[in-house]
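S.K.: So Swiss-Prot has the following annotated:
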REGION    35-354  region 'Cellulase'
ACT_SITE  GLU193  active site, proton donor
ACT_SITE  GLU316  active site, nucleophile
DOMAIN    409-479  domain 'Dockerin'
BINDING   ASP415, ASN417, ASP419, GLY420, LYS421, ASP426  Ca(2+) 1 binding site
BINDING   ASP451, ASN453, ASP455, LYS457, ASP462  Ca(2+) 3 binding site
BINDING   ASP451, VAL452, LYS457, ASP462  Ca(2+) 2 binding site
REGION    490-814  region 'Esterase'
ACT_SITE  SER612  active site, nucleophile
SITE      GLY658  site 'Transition state stabilizer'
SITE      ASN705  site 'Transition state stabilizer'
SITE      HIS791  site 'Increases nucleophilicity of active site Ser'
Amino acid sequence: MKKIVSLVCVLVMLVSILGSFSVVAASPVKGFQVSGTKLLDASGNELVMRGMRDISAIDLVKEIKIGWNLGNTLDAPTETAWGNPRTTKAMIEKVREMGFNAVRVPVTWDTHIGPAPDYKIDEAWLNRVEEVVNYVLDCGMYAIINVHHDNTWIIPTYANEQRSKEKLVKVWEQIATRFKDYDDHLLFETMNEPREVGSPMEWMGGTYENRDVINRFNLAVVNTIRASGGNNDKRFILVPTNAATGLDVALNDLVIPNNDSRVIVSIHAYSPYFFAMDVNGTSYWGSDYDKASLTSELDAIYNRFVKNGRAVIIGEFGTIDKNNLSSRVAHAEHYAREAVSRGIAVFWWDNGYYNPGDAETYALLNRKTLSWYYPEIVQALMRGAGVEPLVSPTPTPTLMPTPSPTVTANILYGDVNGDGKINSTDCTMLKRYILRGIEEFPSPSGIIAADVNADLKINSTDLVLMKKYLLRSIDKFPAEDSQTPDEDNPGILYNGRFDFSDPNGPKCAWSGSNVELNFYGTEASVTIKSGGENWFQAIVDGNPLPPFSVNATTSTVKLVSGLAEGAHHLVLWKRTEASLGEVQFLGFDFGSGKLLAAPKPLERKIEFIGDSITCAYGNEGTSKEQSFTPKNENSYMSYAAITARNLNASANMIAWSGIGLTMNYGGAPGPLIMDRYPYTLPYSGVRWDFSKYVPQVVVINLGTNDFSTSFADKTKFVTAYKNLISEVRRNYPDAHIFCCVGPMLWGTGLDLCRSYVTEVVNDCNRSGDLKVYFVEFPQQDGSTGYGEDWHPSIATHQLMAERLTAEIKNKLGW
């Protein structure tokens with residue numbers, strides 16, 4: 001605990017030099033002397049002068065530069081509930097040694113708050129928070145504390161505003177009072193990612209109502225802190241946008257409380273999303289385009305805020321481990337350099353979780369051994385921020401292996417403790433296992449029971465499924481339907497429209513057609529015959545590999561080698577569209593390994609009917625002025641594929657660039673969508689048997705080419721659209737049909753297309769077909785970049801997928 005020395009004579013001597021301050025001494029003081037602007041004790045040791053300095057928020061953030069999050073600790077129900085050890089001062093010292101200058105200490109208060117009207121915080125919990133804060137400050141670092149996972153009661157809607165605000169103010173009154181005499185090395189953050197949980201716009205900037213209420217929450221908290229006395233009238237305070245997002249819609253509506261100069265904007269930016277957060281996204285980062293894109297995003301924040309005198313802290317960023325260390329290192333250095341050079345401090349999200357290849361592996365520090373899992377990333381952050389570490393990092397030498405389960409009869413999936421029931425105890429135990437809080441389960445069959453999706457791995461995917469089961473959003477686990485991979489029933493799952501009439505191998509053409517299989521061994525190769533320049537993506541054990549092409553030839557391609565010997569999962573995905581030619585898979589080879597049983601088809605099925613947008617035309621391109629190149633068409637990262645993955649569904653994509661309902665792009669001759677739709681192989685005239693794939697959902701995204709260069713006749717367009725819906729309804733009588741518009745149209749073309757499609761939907765509803773819906777995608781405005789020829793970027797596809805996912809969930813309850 002700090003000792004505050006109140007010595008009138010010393011203050012009188014120094015007040016004219018240093019202004020108002022507190023003096024912190026590490027030991028009892030027996031005498032003083034002044035040396036220049038320094039206060040020394042009797043032994044000549046400098047006493048640290050700490051007070052609310054005359055420093056701007058911009059300059060303070062420049063001092064911070066680079067920070068670290070003590071994640072999944074005090075923001076858990078209890079400090080060690082999520083598998084991390086109890087925080088020690090040695091842990092914080094280790095962070096300081098590497099050059100980090102600040103620690104964000106997320107705190108969840110919910111389970112430590114008493115009833116209304118006082119909402120008294122448990123004294124022991126508040127004491128523990130203060131103890132950890134002191135660890136940070138004693139190391140000469142900045143600390144940030146907040147109200148973190150309290151979204152269950154901080155609800156930004158008008159209906160809940162008053163109740164939420166009353167509790168929030170009471171909580172902050174107590175926090176602010178406890179810390180009121182701390183100096184400006186302690187910062188407050190009003191809330192963490194405030195949002196309306198479960199709403200369609202939760203992660204899309206929120207609704208106007210959400211943003212308006214969040215502004216009122218921020219104002220109430222800032223006013224409460226300012227009125228609490230001590231140094232809090234000058235305390236630096238962070239305020240977030242809706243969900244702390246950097247989306248324009250959220251930034252535009254953010255109101256700075258009282259235009260207070262000591263208020264700092266709080267943003268979270270795991271950018272780019274598909275590299276940083278999406279386990280199924282790209283594992284590579286480092287191209288000139290990648291760097292320019294990230295720099296552009298930071299420029300936008302700088303120009304909006306910092307350039308105009310408003311400080312910004314990116315309180316959370318980071319990248320998950322996809323066995324791609326070199327890309328993560330390059331990204332970390334570039335991110336830190338570009339942010340810090342613009343006066344923006346950045347804080348790595350370290351949740352303590354380490355399981356390479358899993359979706360939550362953000363940990364840098366091994367908190368148990370006080371060594372570094374990824375010293376290369378830490379060093380890259382410091383190089384980027386221009387910080388010299390105090391010591392060289394000690395790496396953590398080994399990885400934690402994931403156990404391979406042995407099949408046992410009568411397994412109750414989810415019952416990890418073996419008590420014959422599936423409940424919250426099992427869920428907590430599974431989370432602790434994943435976070436390495438425990439090394440084994442009480443039940444001998446716990447390892448098998450924990451793998452509820454039967455992918456031979458125990459990770460956060462299993463935890464999400466467990467939570468869904470307990471919340472009754474699913475009634476059984478995928479493992480209950482899956483086959484155990486073995487050599488007795490080898491096979492391949494074909495997803496998409498395939499023709500099996502040629503004994504040499506199946507053929508396909510449409511975007512997103514893919515083969516999925518399990519194999520045992522260390523390597524895998526495939527032989528492909530392609531009629532044009534087709535590009536493919538292999539995903540092995542959930543990790544996307546670099547794409548490759550087979551261009552109008554037959555080629556054998558080594559997909560992967562050097563794997564640990566054992567069972568592996570492989571998806572081989574056709575990235576390019578049908579117009580680039582048909583593809584034939586002539587066989588797989590696994591070296592000394594073998595093909596295992598085919599994966600079980602997903603129960604949920606979605607069919608997408610569209611044009612170049614659904615094909616993902618040019619979504620990996622670097623410029624809207626760039627012409628189409630097959631390499632940059634990645635249907636795996638299309639809104640269609642992303643939506644399907646979001647919903648644990650398969651996707652059949654029937655899409656063709658430039659195609660329309662009544663006219664093709666620019667009036668080009670050739671078949672329209674109704675001419676293409678019935679075929680498995682559109683060039684060979686092989687028709688599709690619609691009974692082979694009966695989706696619960698059909699998504700139609702057509703009209704862009706009917707309204708781009710000229711405008712379709714209303715009667716013809718409406719009639720053609722209704723004919724397509726009739727064909728879909730004839731093939732799939734019970735399907736939910738989502739009729740979409742966007743995101744490439746604008747002006748009159750957009751207005752007409754929207755009007756006509758809405759009319760079609762309304763006519764269907766009036767005629768008794770209530771399973772036809774209208775969806776408008778966010779229209780692109782350049783804020784998320786462009787692909788080739790003005791087509792949507794991957795970031796735009798993600799926004800489209802978020803919108804469509806929310807709509808489907810809302811209508812079907814998925």
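FYI, residue positions are counted from 1 along the chain as it appears here.
From the backbone N, Cα and C atoms, a Cβ is placed for every residue, glycine too.
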S.K.: When the domain 'Dockerin' (409-479) is classified with DSSP, how many of its residues are helical, how many are strand and how many are coil?
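M.R.: Summed over the domain 'Dockerin' (409-479), the classes give 29 helix, 0 strand, 42 coil.
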S.K.: Roughly how many Å lie between the Cα atoms of ASN705 (site 'Transition state stabilizer') and VAL452 (Ca(2+) 2 binding site), rounded to a whole value?
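M.R.: Distance (Cα to Cα, whole Å): 44 Å.
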S.K.: Round to the nearest Å and give the CA-to-CA distance linking LYS421 (Ca(2+) 1 binding site) with VAL452 (Ca(2+) 2 binding site).
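M.R.: So the alpha carbons of LYS421 (Ca(2+) 1 binding site) and VAL452 (Ca(2+) 2 binding site) sit roughly 14 Å from each other.
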S.K.: Judged by the number of other CB atoms within 10 angstroms, which among GLY420, GLY658 is the least packed of the recorded positions?
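M.R.: The recorded positions GLY420, GLY658 were compared, and GLY420 has the fewest Cβ atoms within 10 Å.
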S.K.: Of the recorded positions listed here (GLU193, ASP415, ASN417, ASP419), which is spatially closest to HIS791 (site 'Increases nucleophilicity of active site Ser') when Cα positions are compared?
M.R.: GLU193
S.K.: Taking each of GLU316, GLY420, ASP462, SER612 in turn, which of these recorded positions have a Cα lying within 10 angstroms of the Cα of VAL452 (Ca(2+) 2 binding site)?
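M.R.: Final answer, ordered: ASP462.
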S.K.: Based on DSSP, name the secondary structure state of HIS791 (site 'Increases nucleophilicity of active site Ser'): helix, strand or coil.
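M.R.: Its secondary structure by DSSP: coil.
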S.K.: Between ASN453 (Ca(2+) 3 binding site) and ASP426 (Ca(2+) 1 binding site), how far is it from one CA atom to the other, in Å?
M.R.: 15
S.K.: Would you identify which of the recorded positions LYS421, HIS791 has the most other C-beta atoms lying within 10 angstroms of its C-beta?
M.R.: HIS791
S.K.: Give the three-state DSSP assignment (helix, strand or coil) for GLU316 (active site, nucleophile).
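M.R.: Reduced to three states, the DSSP call for GLU316 (active site, nucleophile) is strand.
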S.K.: Using a 10 Å radius around its CB, how many other CB atoms surround ASN453 (Ca(2+) 3 binding site)?
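M.R.: For ASN453 (Ca(2+) 3 binding site), the count of other Cβ atoms within 10 Å is 18.
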S.K.: Under a three-state reading of DSSP, tell me whether ASN705 (site 'Transition state stabilizer') is helix, strand or coil.
M.R.: coil
S.K.: Cα distance, GLY658 (site 'Transition state stabilizer') to ASN417 (Ca(2+) 1 binding site), nearest Å?
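M.R.: Distance (Cα to Cα, whole Å): 56 Å.
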S.K.: Drop a 10 Å sphere on every Cβ of the recorded positions GLU193, GLU316, ASP451 and tell me which sphere holds the fewest other Cβ atoms.
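M.R.: Fewest other Cβ atoms within 10 Å, among the recorded positions GLU193, GLU316, ASP451, is found for GLU193.
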S.K.: Determine, for the Ca(2+) 1 site, the additional residues of the same chain whose CB lies within 8 Å of the mean position of the CB atoms of ASP415, ASN417, ASP419, GLY420, LYS421, ASP426; present them in sequence order.
M.R.: LEU412, GLY414, VAL416, GLY418, ILE422, ASN423, THR425, SER443
S.K.: Looking only at C-alpha atoms, tell me how far GLY420 (Ca(2+) 1 binding site) is from ASP451 (Ca(2+) 3 binding site), rounded to the nearest Å.
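M.R.: ASP451 (Ca(2+) 3 binding site) has its Cα 16 Å from the Cα of GLY420 (Ca(2+) 1 binding site).
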S.K.: If you count other C-beta atoms within 10 angstroms, which of the binding-site residues ASP419, ASP426 is the most crowded?
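M.R.: Neighbour-count leader: ASP426.
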